[in-house]
Ligand SMILES: NC(=O)C1=CN([C@@H]2O[C@H](COP(=O)(O)OP(=O)(O)OC[C@H]3O[C@@H](n4cnc5c(N)ncnc54)[C@H](O)[C@@H]3O)[C@@H](O)[C@H]2O)C=CC1
Ligand SMILES: O=C(CO)COP(=O)(O)O
């Protein structure tokens with residue numbers, strides 16, 4: 001007889017992916033609804049002369065992307081994404097968003113028809129026709145499964161260390177949202193389920209762009225007031241963006257962990273902020289890509305790519321002038337304007353007129 005236990009699989013094994021694997025692997029052991037084995041897709045690479053999958057499966061630690069934290073032994077690293085996802089009931093996607101489409105394509109037509117996906121990826125998707133969409137919509141359309149999202153103020157190292165924080169699940173289906181909450185919630189990782197998926201997801205993608213702005217302020221030696229202004233104007237632009245593009249937008253969601261809390265933590269402690277600070281200090285001598293490689297040991301910043309995706313949307317609808325912060329950050333990233341121009345571009349922000 002086929003097992004009725006729910007299987008959870010994880011696609012991705014970076015800094016956040018490995019942290020989520022630690023939580024999921026631990027939770028399924030104490031919940032009789034779930035199969036105890038959790039397969040985790042690892043984009044294979046050689047680390048210290050050995051395959052990363054082999055290191056994870058013998059040392060139970062992702063020594064490259066989450067060093068210093070043991071993973072439960074029921075988390076199994078697998079280099080083949082189809083093997084990871086084909087028999088899963090819940091598939092958690094947690095990859096740098098620019099790799100999502102290519103990672104998902106081999107899964108087309110291979111998944112259980114009643115499985116659902118969950119995206120933890122912060123960014124948008126550029127379709128073949130150049131249009132921008134949410135990653136969860138890309139998963140729905142490509143893989144023909146429902147897709148929930150999880151966003152929040154969750155710097156991975158702190159979560160892996162068990163420090164108290166919150167997250168937001170976006171789910172249109174209440175039952176799926178509550179099942180996912182059982183997979184993820186712990187006594188230190190507290191979760192609220194909201195139904196306006198688009199807003200939860202867009203908040204996660206957009207705050208990384210604002211965090212670049214916060215990092216530029218740090219690199220230009222502005223003080224706390226200036227950075228607070230950038231964060232506030234960022235929040236106003238995030239809300240306006242959601243009001244324009246996602247009609248289901250409910251303002252309560254901006255005050256959940258996925259909204260204001262993620263904006264604050266990323267603008268103070270995130271990788272986007274760190275790379276942007278270094279970029280501003282280098283005053284045009286180095287690109288963001290170069291600094292990402294130099295500072296992050298293979299981890300990825302999502303803000304520059306998200307800024308490009310959002311700019312495509314704003315330009316297509318003639319909204320660039322209504323979003324001076326998001327637009328300026330994009331132009332700084334592609335070196336169309338110097339970083340020193342950031343604050344001047346905010347002096348006549350629509351919020352002040
Ligand atoms: N790290 C964090 O604190 C948090 C990250 N997130 C989001 O989670 C998503 C995943 O981030 P992380 O797990 O931190 O990843 P990461 O930044 O550690 O990225 C590196 C991962 O990308 C993989 N990779 C490299 N090239 C690839 C390719 N061509 N195809 C597929 N995979 C490839 C690497 O093997 C590695 O697993 C991102 O969208 C991020 O914004 C969300 C909350 C917290
Ligand atoms: O999304 C994050 C925290 O919630 C992590 O932000 P960074 O990618 O800037 O580190």
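A Cβ is built for glycine as well, from the same backbone N, Cα and C atoms used for every other residue.
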### Query
Do you know which of 156, 211, 214 TrEMBL groups with 12, 13, 14, 15, 16, 17, 99, 271, 300, 302 in the NAD(+) site?
156
### Query
Which one of 122, 131, 144 goes with 271, 272 at the substrate site, as TrEMBL has it?
122
### Query
Out of 122, 207, 272, which of these recorded positions is nearest residue 14 (NAD(+) binding site) by C-alpha distance?
122
#### Entry: Chain-mates of 122, 271, 272 with C-beta within 8 Å of site centroid, substrate
208, 211, 266, 270, 273, 300, 301, 302, 303
### Task
Around ligand 2, within a Cβ distance of under 6 Å, which of the recorded positions 12, 14, 16, 99, 207, 272 show up?
272
### Where the record names 12, 13, 14, 15, 16, 17, 99, 156, 271, 300, 302 as binding NAD(+), the maximum Cα to Cα distance in Å
19
### Task
List which of the recorded positions 12, 16, 99, 207, 271, 302 have their Cα within 10 Å of the Cα of residue 122 (substrate binding site), in sequence order.
207, 302
